[in-house]
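According to TrEMBL:
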type: BINDING; residues: B:Glu35, B:Glu65, B:His68, B:Glu136, B:His169; note: Mn(2+) binding site
type: BINDING; residues: B:Asp60; note: Ca(2+) binding site
Amino acid sequence: MNIYQDNQSCFQPFFMPESHCDTNPKLFDAQEAIMLGNLFKELYMSYRGFSNYCLQPQNKRQQALLEVQTYEFVAHEINLYLDIHPKNQRMVQLYREYADKAKAAKKDFEKEFGPLLVSDSENKVPFQWVQGPWPWEYQC
Amino acid sequence: MWLYSKKLQYPISIKNKDLSMAKYIITQFGGPNGELAASMRYISQRYTMPDEKGKALLTDIGTEELGHMEMVSTMVYQLTQGASIEEIKAAGLQSYYTEHGCSLFPVDSNGVPFTAAYFAATGDPVADIAEDMAAEQKARAVYENLMNQTQDPDLLAPLSFLRQREIIHYERFRELYEEYVKKYYQPDIKQNC
């Protein structure tokens, strides 16, 4: 994964301090959100211009994995929001949408690159789960 | 119950070895404001949360912090890959190497080992969530201190991501705290376990 700081082709994060709105929080799009580590525009706070990185996958595996990471990240952000605001209907709907996208992306990844969960291992010898790369390894 | 998903929350691929940064970053694994402490603190505190929101939030953030522990460990692992004894000496990591070789062992940047005292669970929801808010701010400050010490974008990107997560977690804890202060801040009423 190549990471470029302040890449020109990359979006400039938009930040507008506003009062926190319970009903309709303003959201970054999914690709911006994972890049920044934050889905919520009102909560984004950069540090010395460091918080702006484009994620550039170097191969098909990284690309497919980034898709899973991106949608899972957005779903997780909405999950934390809903823990505190469980009655927000739009966010519940959005959670379902992104959880489904993550599920589809995971299926696509696993078809080509092996299981992300042990229970998704196919009926094959040797057992797929045991095969690397593991997440902390470079080639991952 | 927890399930392992064979991936990081955010991609990490560090090309350049940097043992001094590894020595400092390891504090976010085993230090007082690190991810292991955060995860264990939230997952322990959740049992005494007075309502569903608190139980859900501490479970979900505690789980995410386990993923952050994995990210921090990955950074330390990749930063130290292929290090020679000379490089270990130059970075002042001989004591660590003597005890732990090249493994991941939870210490802070001074080499002080992890302690369960970092869990900091009081059983009082207002005190616990206030602790958690402070913990997120302290972790954010440590990530900034770490970011001040490197120019490597492979390192800055995940550090920046993790810093941003502290800001989000702080906000969610703050929202819960405000509800809890209104609902449960009654120190004169002693609750049963």
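Note: Cβ is positioned from N, Cα and C throughout, glycine not excepted.
Under a cutoff of 8 A between CB atoms, and with a sequence separation of 6+ in the same chain, the neighbours of B:Glu65 (Mn(2+) binding site) are B:Glu35, B:Leu36, B:Ala38, B:Ser39, B:Tyr42.
In this entry, B:Asp60 stand out among the binding-site residues B:Asp60, B:His68, B:Glu136 as having a C-beta under 8 A from a C-beta of chain A. Each of the binding-site residues B:Glu35, B:Asp60, B:Glu136 was scored by the other Cβ atoms within 10 Å of its Cβ; the lowest score goes to B:Asp60.
Between the CA atoms of B:His169 (Mn(2+) binding site) and B:Asp60 (Ca(2+) binding site) there is a gap of 10 Å, rounded to the nearest whole number.
Sequence-distant contacts (6 or more apart, same chain, Cβ under 8 Å) of B:His68 (Mn(2+) binding site) comprise B:Gln9, B:Gln28, B:Glu35, B:Ala38, B:Ser39, B:Leu162, B:Arg165. Other than the site residues B:Glu35, B:Glu65, B:His68, B:Glu136, B:His169, same-chain residues with C-beta atoms no more than 8 angstroms from the centre of those residues' C-beta atoms, the Mn(2+) site, are B:Ala38, B:Ser39, B:Ile61, B:Glu64, B:Ala135, B:Ala139, B:Leu162, B:Arg165, B:Glu166.
For the pair B:Glu136 (Mn(2+) binding site) and the residue listed as 'Ca(2+) binding site', the C-alpha distance works out to 15 angstrom.
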